[in-house]
Amino acid sequence: MTTQQGTRQRRDERFDAGRTDRATFEVRSPGTGDVVGTYPVHTDDDVRDAVRRAREAAAWWADLGFAGRRERLDAFRGILARRIQQLGGIVAEETGKPHSDAVLEVALVLDHLAWAAKHAEKVLGRRRVRSGMLTAHLAGEVEYKPLGVVGVIGPWNFPVFTPLGSIVFALAAGNAVVFKPSEFSPGVGAWLVDAFAQVVPEQPVFQLVTGDGSTGAALCRSGVDKLAFTGSTATAKKVMATCAETLTPIVAECGGKDAMIVDEDADLDAAVDGAVWAGLMNAGQACIGTERVLVHERVHDAFLAKLTAKVSGLRAGADPEAKIGPITMPSQVEVIERHIADALERGGRIAAGGGERDGQVVQPHVLVDVPDDALANTEETFGPTLTVGKVRSMEEAVARANATSYGLGATVYGKRGREVARRLRSGMVSVNAVFAAAQLASVPFGGVGDSGFGRIHGPDGLREFTASQAVVRQRFKSALPLTSFERTAKMEETLGKVVAIVHGRK
Ligand code: NDP
């Protein structure tokens, strides 16, 4: 594709009608270097305007109710499903990932969209709660109300799946959303906002602002009711500091250093297949990508032989036949090379893959004999690398897997997988499968430690974008009216007896 053919001069007309003084930025496709889009850098004022419009839209959207919103969200899902190839094309163009992987990313989001729209009422709607013995005269109800306007800041690595994990759940809960995609993938954000406007033409319920980190910071300061951030741990700290200025709460979905544990009784072919895919898909640029593999010593050599054979058949490239695409962000190439060099300097070896880098194309690397405290085992590499280590027992595997400041996802292969999973310090564990927890719409997605806090997906993901409200009414007058100065000494004596019976026997 030539630069001319590839360029989409897209602007958000609601902001930019008649403006010629606007600063802009270009998006280049990582594989070809072609400019594939030019977008405005939205300023603090632009972002505040968007949030002001969103506030009006939020009231209208909340009034639609669960059923009305479900209808629109289902229609949005229909557009995504019908135009999956078109959207996949933009994802591939902006991120450099193979087109088939881009289409898979869109396909995986559809279940989440359906789940959020379908379950929002059941999870968030008004429901009665039980009273206690001393509170039998009271009847309580709880409901989860939308916050108003949610700001979403997204990364480029899964520019559909990742931000929609926040956006769709925030929308289903009744909020309006202002979305700031990564400066590497604004075209995907623009496509999503345009598609949503087709099913919700009445109000700007889902808006786009584009730019670099400064536009993101403006969104943090704009008065949104919550900020859902997905990106690196370092940026999350800046986002949290900026949001603290206005006491804006945040969800932080950050990086990871996920381990895969392979037990002695694991299906080795399945484990190898899983490790290769979870480690190298999207050129390793996945927050829940496997970066470290810990294998029981009894099967370590057999596992490594199968793994190296499989990786040797894989090639990274910018051409359509390559299963692994180029690295999206030029600056990440330096991080990956630094981690590999550090591992080799400290006694590590390349067991499979390797080879010269070509521009932003980095070949896969399987590294062995890498010390636990090497960068490739402690920091997020975010590239097509896997370290493989040997463990004597599952106890050792758990201890080494947990020896990281991150705690996002993990994978276990073996018959004791569920038992091992429960001892891992991570928000999600997939057993005898990879990326399983991310696929299932009904379970929460998120991490602990440096991987962040808060949850998207599942019931927790819906509640994340709401505030609970308790309404408690008196059904009848209590025989022990405690909340009154009319309380008598006799009543207090009775209270003492009741309390002793109810709570004093423990
Ligand atoms: P970054 O942290 O670099 O950027 C994330 C977003 O924050 C981008 O939109 C970026 O804008 C914006 N941003 C940058 N600076 C600021 C600022 N000061 N204030 C507000 N916003 C700002 O992450 P990447 O885009 O490089 O994404 C990769 C990271 O995301 C990895 O660490 C990965 O593990 C993590 N990730 C986590 C996931 C999860 O669910 N836990 C899922 C996917 C990725 P701009 O790009 O324009 O600079």
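Backbone N, Cα and C define each Cβ position, glycine as well.
Note that the structure is a prediction, hence the values are computed from the model and not measured.
Under the heading active site, TrEMBL lists GLU253 (among others). Other C-beta atoms found within 10 angstroms of the C-beta of GLU253 (active site) number 28, with every protein chain shown included. DSSP gives GLU253 (active site) a strand state.
Feature annotation from TrEMBL assigns active site to CYS287 (among others). Annotation for CYS287 (active site): spatial neighbours PRO155, ASN157, THR162, THR230, GLU253, CYS254, GLY255, GLY256, LEU408, GLY409, SER451, criterion Cβ-Cβ under 8 Å with sequence separation of six or more.
Sequence annotations record features per position, and here TrEMBL assigns domain 'Aldehyde dehydrogenase' to 23-471.
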(request) Find the average pLDDT over the domain 'Aldehyde dehydrogenase' (23-471) in the predicted model and report it. (result) 97
